[in-house]
Structure formats: structure tokens, C-alpha cells
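Participant: Got a structure for you, written out below as C-alpha cells; questions coming shortly.
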């Protein structure tokens with residue numbers, strides 16, 4: 001695995017990046033995959049473009065999460081939840097994204113609830129208690145196949161699994 005994009009976070013420093021710096025960035029393969037979904041099939045993305053977006057999205061995540069973390073600390077809570085992130089986005093001026101993300105978060109919570117409920121029923125049928133893992137009754141696939149969020153003219157999709 002020494003040659004994977006993930007070892008240096010795919011960043012310009014290559015093998016010279018500290019472990020702490022590597023942890024700051026999303027894996028370049030994930031960033032590239034997301035970028036490709038927004039482009040025509042024959043489009044090419046330069047390494048520099050991937051690295052730039054990688055750094056930007058990682059910084060954005062840190063920015064939003066930091067604000068949400070500050071809120072949780074003030075409220076003496078240890079766990080950041082989706083609502084905290086939406087609050088942080090509003091506070092930091094990204095309110096145009098909040099309503100579509102609320103829809104997305106609601107769908108996600110519904111799917112997670114279905115997975116938990118179905119896993120519990122599956123465990124009861126087998127005589128076990130609760131059950132975990134993939135037990136949604138359909139090979140681990142959730143009952144809701146995916147979500148589509150449209151924000152400022154851009155559509156974002158996610159398949160919950």
C-alpha cells in the first residue's frame with residue numbers, strides 16, 4: 001500500500017508530510033471520485049486540481065466542525081451531531097446550504113432508524129437479541145436507496161448504505 005494516494009493524503013509533499021498533516025486531508029481518491037461525478041464522462045482532472053480541492057474541502061470541514069465543537073463545549077456536550085453542524089454552517093454564512101442539508105439529514109436519520117429496527121427484528125427471528133452489522137433484511141442494503149440534495153443549482157446525491 002506504499003504507493004497509494006492515501007499515504008501522503010495525495011498532497012504535494014509526498015513522503016515528507018507529517019502524520020498530523022496527512023490526517024488533515026481527505027483521501028485523494030475519494031475527492032477525485034466526487035469531482036468526477038460532477039463532470040462529463042470524458043472530462044479529465046489534473047493532479048493539481050485534485051490536490052487543491054482536497055485541501056479546500058478538508059479546510060471547509062475543519063472550519064465547520066471547529067465552530068460546532070465550540071458550541072458543544074459551551075453547552076458542556078462531548079458529541080457533535082448533525083444539527084450542530086447545520087447551526088455552524090448558518091453561523092458562518094453558509095445558510096443557503098442548510099435547508100437542503102436538513103432534508104438530507106432527515107432522510108439519513110430515517111434510514112438509520114429503519115436499519116436499527118430491521119436489525120432488531122432480524123435478531124428476534126433468529127432468537128438473538130438485537131443484532132448488529134448489516135442485518136437490514138436485504139443483504140445489508142437499506143430500504144431507502146439514496147438521497148438527492150439540490151443546492152444553488154447543483155445536485156448532490158448519496159446512496160445510503
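From the backbone N, Cα and C atoms, a Cβ is placed for every residue, glycine too.
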Participant: Please find, within the list 53-64, 65-76, 77-88, the residue stretch that Swiss-Prot describes as region 'Subunit association domain (SAD)'.
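Facilitator: When 53-64, 65-76, 77-88 are checked in Swiss-Prot, region 'Subunit association domain (SAD)' belongs to 53-64.
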Participant: May I have the DSSP-based helix, strand and coil counts for the residues of the region 'Subunit association domain (SAD)' (53-64)?
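Facilitator: Going by DSSP assignments, the region 'Subunit association domain (SAD)' (53-64) contains 12 helix, 0 strand, 0 coil.
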